[in-house]
Amino acid sequence: MKSMRILPISLTIMAGLLSIEASAVEFHGYARSGIGWTGSGGEQQCFQSTGAQSKYRLGNECETYAELKLGQELWKDGNKSFYFDTNVAYSVAQKNDWESTDPAFREVNVQAKNVIDWLPGSTLWAGKRFYQRHDVHMIDFYYWDISGPGAGLQDIDLGFSKLALAVTRNTESGGSYGWIASQRKEIPTSNDVYDIRLSGLEVNPGGNLELGFDYGRANARDHYKLDRHASKDGFMFTAEHTQSMLGGFNKFVVQYATDSMTSSNSGHSEGASVNNDGYMLRILNHGAINLAEKWDLMYVAMYQDTDRDNNNGNTWYTVGVRPMYKWTSTMSTLLDIGYDNVKSQRTHDTNDQYKITLAQQWQAGDSIWSRPAIRLFATYAKWNEKWGNANKKDGYIDGMAYRDTATHKFSRGDDDEFTFGAQFEAWW
């Protein structure tokens, strides 16, 4: 009984302490979850073309995912300030009530604004951070993302544009070798990415240009070395034009990457790898616009060619649209249509898939970006695949592309499926 009396007192004290700082703490985040079924039976399946780096997400997400961000301005004096930011992410298979998981510590950093007197308007930062990520929302595809532990200085005013400088790190699971007590030992390899960006270059009315250069290199520890065939380093160049139009925007992007920067094709480096020498060329156009009073539209079209020296690259085409009709300010209907085509450099065979989703949605506002949203959806997917990547269990070369044979199928084959369900999505 004594513990029962202490509990309300403790909660009262905690509530009082929290209320003191409640106005200063900022809570942001993202979350989605739901329930779905597959027409042929069982829980909801999700569909992604083999070789494609993403999928059309509406009515095609099978997990519960959340990012919970807490931040606070810790100090402010005039226009100078220090802001502390954190982000913890969770992902589970949404199959049970209790699903234990280890959270991912995605962000913890401090951002100091205007603390360098001779660089007014700039921000100095250090720590783990989502750093100026560029993505296509409708396919959940991050095409420029060097996020990770790092440090940098951004928003340096050059008059004609803003300059940003940063260095971040990502680590490969292996790749560095050494001899310890006469035994060969492999350890993880860190990769450093150095990022330079110019943004806000006004090139036409309502249009601006952002240019970026990323150099990534593997950084092996002392007494360890990389394989002599490792790619070691690489670079990625990005040019992105953003045009304000029709109550929204259009982004046209050209990217070129080499060697270690072609593993993820987004800005992370894998210089210890022995199979990523080559280049990547990406041409991307995407946006979201208002077509009429009751119509909004998202769209994407992309060409991506990853050419490997070991002949294990691929060429990926994708095109999709998501029109939205607004019945009221809080109710809408969405149709999501997407097509993927991926050709193997090694086998010269093609995998293709199209996916169609019809969703009835209730959302907090009349924009295609309005969230939270609750939607009921029905999805149909049809695919025809002729190649896939082997794994160690197959007895073939791990990660290498192979054509389907009469005795072994590497791909998903030729099939279709129907799913339906309900989902919420929120960001704040």
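In case you wondered, yes, glycine gets a Cβ from its N, Cα and C as well.
As recorded in Swiss-Prot, the features of this protein are as follows:
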- 1-24: signal peptide (SIGNAL)
- Y30: site 'Greasy slide, important in sugar transport' (SITE)
- Y65: site 'Greasy slide, important in sugar transport' (SITE)
- W98: site 'Greasy slide, important in sugar transport' (SITE)
- Y142: site 'Important in sugar transport' (SITE)
- F249: site 'Greasy slide, important in sugar transport' (SITE)
- W369: site 'Greasy slide, important in sugar transport' (SITE)
- W427: site 'Greasy slide, important in sugar transport' (SITE)
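Feature annotations (Swiss-Prot) mapped to structure.
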residue: Y30; record: site 'Greasy slide, important in sugar transport'; contacts (Cβ under 8 Å, 6+ apart): Y65, A66, E67, A426, W427
residue: W98; record: site 'Greasy slide, important in sugar transport'; contacts (Cβ under 8 Å, 6+ apart): none
residue: Y142; record: site 'Important in sugar transport'; contacts (Cβ under 8 Å, 6+ apart): R133, H134, D135, S266
residue: F249; record: site 'Greasy slide, important in sugar transport'; contacts (Cβ under 8 Å, 6+ apart): T242, Q243, G287, A288, I289
residue: W369; record: site 'Greasy slide, important in sugar transport'; contacts (Cβ under 8 Å, 6+ apart): A288
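For the recorded site, W369 (site 'Greasy slide, important in sugar transport'), the DSSP three-state label reads coil. Its Cβ placed at the centre, W427 (site 'Greasy slide, important in sugar transport') has 13 other Cβ atoms within 10 Å. For the recorded site, W98 (site 'Greasy slide, important in sugar transport'), the DSSP three-state label reads coil.
Following the DSSP three-state reduction, the secondary structure of Y30 (site 'Greasy slide, important in sugar transport') is strand.
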